[in-house]
Amino acid sequence: MACCLSEEAKEQKRINQEIEKQLRRDKRDARRELKLLLLGTGESGKSTFIKQMRIIHGSGYSEEDRKGFEKIVYQNIFSAIQTLIAAMETLSLEYKDPSNNEHAEFLNSIDADSADIFEDGHVTAIKGCWTDPGMQECYDRRREYQLTDSAKYYLDDVERIHEPGYIPTLQDILRVRVPTTGIIEYPFDLYSIIFRMVDVGGQRSERRKWIHCFENVTSIMFLVALSEYDQVLVESDNEENRMEESKALFRTIITYPWFQNSSVILFLNKKDLLEEKIMTSHLADYFPDYDGPKCDYEAAREFMMDSYMDLNEDKEKMLYYHYTCATDTENIRFVFAAVKDTILQLNLKEYNLV
């Protein structure tokens with residue numbers, strides 16, 4: 001009997017050892033996954049960044065994938081022109097060519113959210129309105145209302161998009177705007193390590209969904225739209241400055257106890273739009289603390305970078321930053337290579353990389 005028990009005990013011990021070995025393996029494998037949380041206010045460029053990761057480190061977009069964006073491109077175009085038509089009225093601007101009043105009426109009759117065709121009449125009406133000096137003045141005053149960044153890109157290109165057999169290009173896909181609701185994860189494999197990038201909705205109503213994303217975050221990647229310094233928040237009733245809202249969110253994020261051990265990387269995004277806008281919209285008009293020269297892109301972006309970095313009260317916590325243009329694949333390829341090296345360097349031991 002003792003012999004029998006001994007054999008049973010040995011077998012139980014062997015099973016326990018196997019279980020412990022598997023648990024150690026699972027723990028090690030879990031440590032070889034890096035969770036990167038993309039945060040920032042609405043329209044800061046998070047979804048575009050995810051698309052770039054798919055292009056640079058994933059499977060990209062096949063022709064079939066690209067065809068799937070066709071209707072969304074049409075909807076973005078109709079939405080942009082309707083926003084401009086509404087703003088013409090709000091700003092009491094008139095079309096220089098009276099025939100564009102009829103074009104505007106026709107375009108307003110389209111349901112932008114469900115549009116699935118793009119016909120000759122649409123192109124004629126859009127080109128008429130968009131090239132009208134009255135609407136161009138309206139576009140120049142876009143900080144006074146909410147217009148997507150991609151509006152000009154699409155409206156300048158309606159003839160190409162209307163061509164027979166049109167298939168959206170990668171740039172069309174990067175520019176397309178679909179508000180993120182809920183949480184989107186995009187995992188990709190680099191050097192046998194899984195980078196799991198998590199994009200959450202940036203609008204205020206979406207932020208309550210973030211909470212369960214906060215466990216085991218390797219890095220916070222916080223996106224800032226540099227071009228928003230003179231814009232107000234679409235969700236705000238009191239014309240709150242969009243950059244101030246972004247800074248308030250950033251301050252909250254970097255002080256969360258969940259992120260004590262997470263590195264923080266700041267992406268100062270939309271640098272191309274800032275470079276264009278700073279020539280006519282002066283930073284000091286919106287941020288009186290700015291005492292640098294007017295129309296100076298370098299001075300403006302440095303001031304904004306400092307204003308975010310100064311929010312970090314924990315001087316032990318390192319913040320990293322990069323200036324980015326999320327629609328520029330080569331820029332993101334270069335920046336993410338540096339980010340990846342930083343993250344791996346910070347986690348060498350924990351992720352069994354040494």
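Just so you know, glycine gets a Cβ as well, placed from its N, Cα and C.
The model shown is predicted, which means the values in this text are computed figures rather than measured ones.
What Swiss-Prot records for this protein:
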- Cys3: S-palmitoyl cysteine (LIPID)
- Cys4: S-palmitoyl cysteine (LIPID)
- 35-48: region 'G1 motif' (REGION)
- 40-47, 174-180, 199-203, 269-272, Ala326: GTP binding site (BINDING)
- Ser47, Thr180: Mg(2+) binding site (BINDING)
- 172-180: region 'G2 motif' (REGION)
- 195-204: region 'G3 motif' (REGION)
- 265-272: region 'G4 motif' (REGION)
- 324-329: region 'G5 motif' (REGION)
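A map of Swiss-Prot features onto the structure.
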residue : record              : contacts (Cβ under 8 Å, 6+ apart)
Ser47   : Mg(2+) binding site : Val178, Thr180, Ile184, Asp199
Leu174  : GTP binding site    : Thr48, Lys51, Gln52, Ala326, Thr327, Thr329
Asn269  : GTP binding site    : Ser44, Gly45, Leu223, Val224, Ala225, Leu226, Thr324, Cys325, Ala326
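With DSSP states grouped into helix (H, G, I), strand (E, B) and coil, the region 'G5 motif' (324-329) comes out at 1 helix, 0 strand, 5 coil. Residues in the region 'G1 motif' (35-48) partition by DSSP class (helix H, G, I; strand E, B; coil) as 3 helix, 5 strand, 6 coil.
Considering only the binding-site residues Val178, Val200, Ala326, the Cβ with the fewest other Cβ atoms within 10 Å is that of Val178. Under DSSP, the residues of the region 'G4 motif' (265-272) split into helix, strand and coil as follows: 2 helix, 5 strand, 1 coil.
Residue counts for the region 'G2 motif' (172-180) under DSSP (helix as H, G, I; strand as E, B; rest coil) come to 4 helix, 0 strand, 5 coil. Among the listed binding-site residues, namely Ser44, Thr180, the Cβ with the most fellow Cβ atoms inside 10 Å is that of Ser44.
The Cβ of Gly40 (GTP binding site) has 25 neighbouring Cβ atoms from other residues within 10 Å, across all protein chains displayed. In the predicted model, residues of the region 'G1 motif' (35-48) average a pLDDT of 92.
In this structure, Val200 (GTP binding site) is part of a beta strand by DSSP.
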